[in-house]
Amino acid sequence: MVEKNDLELSFEKHKDELSCSNVMKIPYEMRCNFIKTTKNCDKFLGVTNYLKFVECSKKDTSRIDEILSCCGLAVLFFYLVLFVAIVADRFYSPALKATAKKMHMSEHLAGVTLLAVGNSTSDFLGQMQSTHIDQVFTYMMANAILVTLISGGLVCYLWPTQLPKYETVRTLLFFMLGAVSVEYMYTTDSSISVIECSLIIFLYIVYLIIEIIEGYIEKVADRGIVILESRMQYSHAPRSPRSTSIRRSSTSFSSKEKERNTINTQATRMVDYRVANPKNELLLEGFVETIQPIEEEYWRNSGYAVRVALLILAPLVFFCKLLMPIVNLESRRHGWSKLLNCIQIVITPLFVTGVVSMRFSLVMCFQLLITVPVALAVFKNSRTDLPPPYHFGFVILSYVGSILLLYICTNEMNEILNVVGLVFGLSAEFIASTISCWGSSMCTIVINCVLAQHGYGAMAIAASYAGPYFSFIMAMGFVPAYRHVLGTYSGSANGFYLVAYVFLIISLSSSLIWSLLFNFYGRRSVGIYNFIIYMLYIIYCALCEMELIHSYALDSEIKIV
């Protein structure tokens, strides 16, 4: 039996108190055992422990092996980004658009409610287990900087769009008010009390109520304007200046949205319907056509490089199509596939429950007692060539399944970047301020870009501000209160939270300035300007990490008696 040296014995003695970041300070031959025995290293556990993959792949790990393992993780990260793009483009985006259309929401209202909450819930829930409030504060502000500057910048640069004036100003001002309020509460007492947490959450509730009421008033005004214009058209009377000004100021529908509204959704729903058709005509053929991961026409018209990419992504596309129903009001039969959708009534709730509980439970058996009869009833009373009247209910399955898959991908990408940052010897504060945000925000960036590509630029930009605002306020409201209840509140300041706070205020105030200067039109130059601001933030954090410049944090005073 090999005797353990003093260093190994010391590690085993203090394994519950040690930080996993110390793994890079010990010899290579001891790192694998350190990871297996140190409790703090379990925080890098996603689907698998990526830190163990880097340090325990070989018996004698070297620096070259670590770099090669990080390259493999980079390939996996890129694969996950492609998977996120597929889920966002084919499932999440159609479900979101169908919900917004069914609820008669404007682009901005859908962006600050449905899209913002869906994109940012995973970030908020991911911080509930954190005991260090300073790291939560730093991470949420750094995440807000990334989404507002990079996501909003990409949308403006690639798909310039007109923004709603009053709604944009309101979102920016509420965000700035929330950031300033939280920073004031945190720095004055070095902690956030339960009462202050309630005030923070109440601030977002007020914002949400104002947005919903304003959206309802805007919808009523648009309806009245349409009636007024139709009457003027018949009477050939000149249009009043007031109605003209209201029409110009109303931004519920952009020109692209008007173009989309010309699609007759009733026609796409009944395009294959024939009264003489049997109820189960082409049942298996329709199932095979819907479930196939590669479209035949797209394959035929693609080059060799695209075909290789399609083959690589085919298993993921097949898995998504099997798991999540498609509800797209602009496609044939609104995406209805009778046999596949009936199967999804059973398997999608099982998948959601299995992922949440991470084991087989009795809840799954009770689910089968409910979902199997429902699936049989839907199969008996529906047709293959016409979606049933309750087809919109499948949006819930698609929406929940999409969010769950995006949450899993977000968690995995976040863990990959944390491990890579740890391998290269970066501090935990620097990782939380820069690298970790990319893993958690990549899903949001991809989703917003996909929606902007489909013509929903105003919705994407609205979510670029309202999403971080939601996650920031909810995290800084619920996490401290949750820790106060458990008695595990910890709030020591680090050197990066003030840097993130200053740059967040810069990004929000600059967004307000260019909106006023450019008449709320997100042009390409705005995107370039946002990228430059974020590069300055990264450079400043890197210089602080290398201790070449001083951060905004105050130095701790040591009194010598």
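Using the three backbone atoms N, Cα and C, a Cβ is placed for every residue, glycine included.
Going by TrEMBL, these are the annotated features:
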- 67-88: transmembrane segment (TRANSMEM)
- 74-210: domain 'Sodium/calcium exchanger membrane region' (DOMAIN)
- 136-159: transmembrane segment (TRANSMEM)
- 171-186: transmembrane segment (TRANSMEM)
- 192-210: transmembrane segment (TRANSMEM)
- 237-261: region 'Disordered' (REGION)
- 238-254: compositional bias 'Low complexity' (COMPBIAS)
- 304-324: transmembrane segment (TRANSMEM)
- 360-379: transmembrane segment (TRANSMEM)
- 391-409: transmembrane segment (TRANSMEM)
- 397-540: domain 'Sodium/calcium exchanger membrane region' (DOMAIN)
- 456-482: transmembrane segment (TRANSMEM)
- 494-514: transmembrane segment (TRANSMEM)
- 526-543: transmembrane segment (TRANSMEM)
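Taking H, G and I as helix, E and B as strand and the rest as coil, DSSP gives the domain 'Sodium/calcium exchanger membrane region' (397-540) the counts 121 helix, 3 strand, 20 coil. For the transmembrane segment (171-186), the most Cβ-contacting stretch among 67-88, 136-159, 360-379, 456-482 is 456-482 (pairs under 8 Å). Across 67-88, 136-159, 494-514, the stretch most heavily in contact with the transmembrane segment (456-482), judged by Cβ pairs under 8 Å, is 136-159. Per DSSP, the secondary structure of the domain 'Sodium/calcium exchanger membrane region' (74-210) breaks down as 117 helix, 3 strand, 17 coil. Remark: the transmembrane segment (67-88) contacts the transmembrane segment (304-324), by the rule of 3 or more CB pairs under 8 A. Sequence-distant contacts of the transmembrane segment (494-514), counting only residues of its own chain at least 6 positions beyond either end whose CB sits under 8 Å from a CB of the stretch, comprise 134-135, 137-138, 141-142, 144-145, 148-149, 152, 169, 172-173, 175-176, 179-180, 183, 429-430, 432-433, 465, 526, 529-530, 533-534, 536-537, 540-541, 544, 551-553. Highlighted: of the candidate stretches 136-159, 192-210, 304-324, 304-324 has the greatest count of Cβ pairs under 8 Å to the transmembrane segment (391-409).
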